[in-house]
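Asker: Before I ask anything, here is the structure I am working with.
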């Protein structure tokens, strides 16, 4: 066997007849499979042991030779070689075809490769191959045209006219084979290149296509006649097995049926040829043989598929590769693994962040070999067999051994669907009773898990390296930040938030207000004994917390705080300021001075002069975690998170918050608000009846009225709510629910959507406290159902989007430290109209500068060129008033097959500079795909007059951008740089004309009458600027402007969609994806290079081809950039393995075989398919074979000294 980790590339070509014979171990002559009485394979049949190898290890068919000692001997009685039975998965046979047969992939594929090679139409080919017409192969001296078709009748007439032997015409695949042998590749190519110089239109397109195929044959060394088969390979029998079922019947792979048909027809043809049967019978048999081989290779590609019992189409060789159940996606990219299990998950509130609870029964099964090894080592059992029995019996001693084995041995937990890399994390197992896996509550957010019956899978990493990677790279405590935006992903939720919210509340006049304590213990004692309340404002000596970063003016004073906040600050890391107010200033700059008593001040007076602070909410806790991570990194943060979780749970239990119907308030003026709305609607309808407004206007006015009524109720609800109301506390803290839920309970439900997505005019006036009427209940069911179906559709759509994104970017890996490019990207804040969707500060964080950034007023250099911009530096740059900065960007990176560290910036998941080997493409794809489910599915119909265009938003818009489709509601763009001089309206054609005066001439643009203008007369516009509202078509923009403009536009558009839904995604992820869409160019004029016009190729390959020509003084080729949608980009990748496993498997493989393509295994997918370690992370060549070295020589202490001390 080839060592899979040793070879560099993999090539696929057409198989020549001699190649097929060299693979084969013998000819299959009979259609029989196995003898139904003896159940032994038949000689010369499809399962013959002589050809394919023995069915039992080290045993020949007749039984003369048994055992391994006869290895390699061929039995003299039955002719079977004594070897392993697994050779039946590797050894191939062959069938000698009695007539040539065309390969359906090359004749039927689009475009037809045979047709292009011979310059014949696919229809003509079909007539010849299936014996409906003759084709002239050699006209000799007759006036017949070569390759012209003749019907049976015409053929006979011509024979009579010119005489026998005066010309050669044949039918069937044999004729095509003869024609293919006559093709002179070099001459044809030269002729076509000459023709291209003058051709245009359809003629040119056809010539380019033909040239492409002929050139592929010429360069790859494949011969065109190999597209016709004279010998058919038979795949190994264990890949098309036959299994006996319980009832004595057999279940066989469909391939066996298909092979049997081929063999039967081939044998019948051989017999007919021997008997010199009439030509028409032979022709018919040849046609049937051709159809049988077609069905074997790709059943159903031509005509009706061959069906098995119950009219089910049989699965051919092509079907074995295609689709989700095909070889690529079912067996090569996703395999089932051993040492795994799955169970329901339950919450484990007492676990540490890096632990998970594993049921004992599960653990003993998963770690069985490890336990057995220890049992033998401890001599509880003599051998492995006895140890296994001991484990299966459930001997008492195994549990102690199991405890030892799992110590320090991490396990992986995975929850499907794994939308991003945090869907698999490592934990240290803790043995528990019961049958459910226990999960730490804080990792739920990363997994998107809840405890309503979710299941999770558990895997055991076996090798030392796998364990080390699990512990160092995948441990849950390491994954504090979300790779998509660099924000903490482990923020506390629900009970934890509520507990900390309640704990940090302040209240005036509670028991114990104004007491002063010397330290925390005293405060807790007073609280426990009922002298002070958690919410009472009290004093505490600052000196009792000496490690906090106090200002000098604050030391040795008394600080006003609450008992709850003393407890809350006790769990904080010591170097963090004492948190008194829930804001960033307190967190970063320290506790405000107003809380400290000056000597001789009365504490009560100070307390009375202070406002009551709001408690710490979910968002504040997130900020605290982010700050902690920034300062102390993972270890301290995960320990702090555990303390925060415990404190939150403890106090939410203690607070005893409950919800009853009495907690839902009644709004006093609800009736008035609703009456006023009714009155307004009546007026609107009256105006409509009088013809003062259109139906569209009326609809908009009515829905607006009800929306305003609901908002008025909401506003009233917020004004009158009691901050101690449990529902308000849950809502305000961010633990559960929002104002919309609250207003449905206490205000009114409002307007509902009808099944067609249009909003119904009749609102639901009741709320859930009052209860809905039957009609209202019925109205509200529409929305509920739509919600359910939308979610289901959205999940599938979002998953497919993620799959396409991963496919297009899976080979983008950080390959080097610095690519040394001199290009950069000029960035400013992303705006949508007047609204800022993404600030400059956020865009700058974690990127490298391309040029130095200067203060706009003083001119001082804020940061030099090629420096990393930290959060603080980004804030400093923006505060200085800088509006645009040139940064290093993935767009402008010059690294081949990936990105360099400087162009990428920091790794958002760690907050440090990205490492070489990081699979940033996959991370980018997951970061964009994972929030896909949170985006809406709707295409908004903006009602009525406002505009007549539908604005696509949410997930459909993201798909539109990444697939580079023509957008809905397309904007008109200008091709001229200049000024808008006139906008004239033409009522007769219902259009407007916009005139733009440029330096070279005037641009005239016709826009629909109803389109909303983005420009006014006198505005200055650049090329590619939108004149009307709507989305710009990126392909059009690429024609008018340059690649970078398109990249910047696409980046901004993606960010607008996500940010408008409140989802934050790092720019760099979008940059990685967009760069992949623009990595190809189309050759326009080949110049002196040997490139073909119209060829699609990588920018880097194109540059290389030109470089050589320029050096030798020739004319370089010209090209234009091409924008491809992600599906197309995935299929155009350099790796045929990756493309074939994505979509259109047969087309990709057909093309790759003709070109003799080489896959250099640069991406992740290709390596997974062939079972090689992926070239990312620790699998990169530079990280393999690293020997650990001590940093400095370790001093060895003399043993005698140690022993002397010990005495």
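Cβ from N, Cα, C; glycine included.
Take a look at what Swiss-Prot says about it:
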type	residues	note
BINDING	60, 62, 75, 78	Zn(2+) 1 binding site
BINDING	450, 452, 454	Mg(2+) binding site
BINDING	819, 893, 900, 903	Zn(2+) 2 binding site
Asker: Rank aside, I only need the closest one: which of the binding-site residues 62, 75, 450, 454 has its C-alpha nearest to that of residue 903 (Zn(2+) 2 binding site)?
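Answerer: Nearest candidate: 450.
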Asker: Nearest to residue 75 (Zn(2+) 1 binding site) by Cα distance: which of the binding-site residues 450, 452, 454, 819, 893 is it?
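Answerer: Of all the candidates listed, 454 is nearest in space.
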Asker: Count the Cβ atoms, other than its own, that fall within 10 Å of the Cβ of residue 75 (Zn(2+) 1 binding site), considering every protein chain shown.
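Answerer: The answer is 20 other Cβ atoms.
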Asker: I'd like the Cβ neighbour count for residue 819 (Zn(2+) 2 binding site), meaning other Cβ atoms within 10 Å of its Cβ, all protein chains included.
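Answerer: So the number of other Cβ atoms within 10 Å of residue 819 (Zn(2+) 2 binding site) is 19.
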Asker: CB neighbours of residue 454 (Mg(2+) binding site) within 10 A?
Answerer: 17
Asker: By CA distance, which of the binding-site residues (450, 454, 893, 900) lies nearest to residue 60 (Zn(2+) 1 binding site)?
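Answerer: If we rank 450, 454, 893, 900 by Cα distance to residue 60 (Zn(2+) 1 binding site), first place goes to 454.
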Asker: Counting distance between Cα atoms, which of the binding-site residues 62, 78, 893, 900 is nearest residue 450 (Mg(2+) binding site)?
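Answerer: The answer is 900.
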Asker: Among the binding-site residues listed here (62, 78, 893), which has the Cα closest to the Cα of residue 452 (Mg(2+) binding site)?
Answerer: 893
Asker: If you count, for each of the binding-site residues 450, 452, the other Cβ atoms lying within 10 Å of its Cβ, which residue has the minimum?
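Answerer: Relative to the other binding-site residues in 450, 452, 452 has the fewest Cβ atoms within 10 Å.
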Asker: Please report the distance from the Cα of residue 900 (Zn(2+) 2 binding site) to the Cα of residue 454 (Mg(2+) binding site), rounded to the nearest angstrom.
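Answerer: So the Cα of residue 454 (Mg(2+) binding site) lies 40 Å away from that of residue 900 (Zn(2+) 2 binding site).
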Asker: Which entry in the list of binding-site residues, 60, 78, 900, 903, has its Cβ near the fewest other Cβ atoms, using 10 Å as the limit?
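Answerer: Least crowded of the binding-site residues 60, 78, 900, 903, by Cβ count within 10 Å, is 78.
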Asker: If you measure residue 819 (Zn(2+) 2 binding site) to residue 454 (Mg(2+) binding site) at Cα, how many Å is it?
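Answerer: One finds 46 Å between the Cα atoms of these residues.
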Asker: May I ask for the distance between residue 454 (Mg(2+) binding site) and residue 78 (Zn(2+) 1 binding site), taken between their Cα atoms and rounded to an integer number of Å?
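Answerer: Each residue's Cα considered, residue 454 (Mg(2+) binding site) and residue 78 (Zn(2+) 1 binding site) end up 57 Å apart.
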Asker: Validating a neighbour-count step here. Other CB atoms within 10 A of the CB of residue 893 (Zn(2+) 2 binding site): how many?
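Answerer: Its Cβ has 25 other Cβ atoms within 10 Å.
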Asker: For residue 62 (Zn(2+) 1 binding site), which residues in the same chain are close in space, meaning a Cβ under 8 Å from its Cβ, but six or more apart along the sequence?
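Answerer: For residue 62 (Zn(2+) 1 binding site), the qualifying residues are 75, 77, 78, 80.
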Asker: In the three-state scheme derived from DSSP, which category covers residue 903 (Zn(2+) 2 binding site)?
Answerer: helix
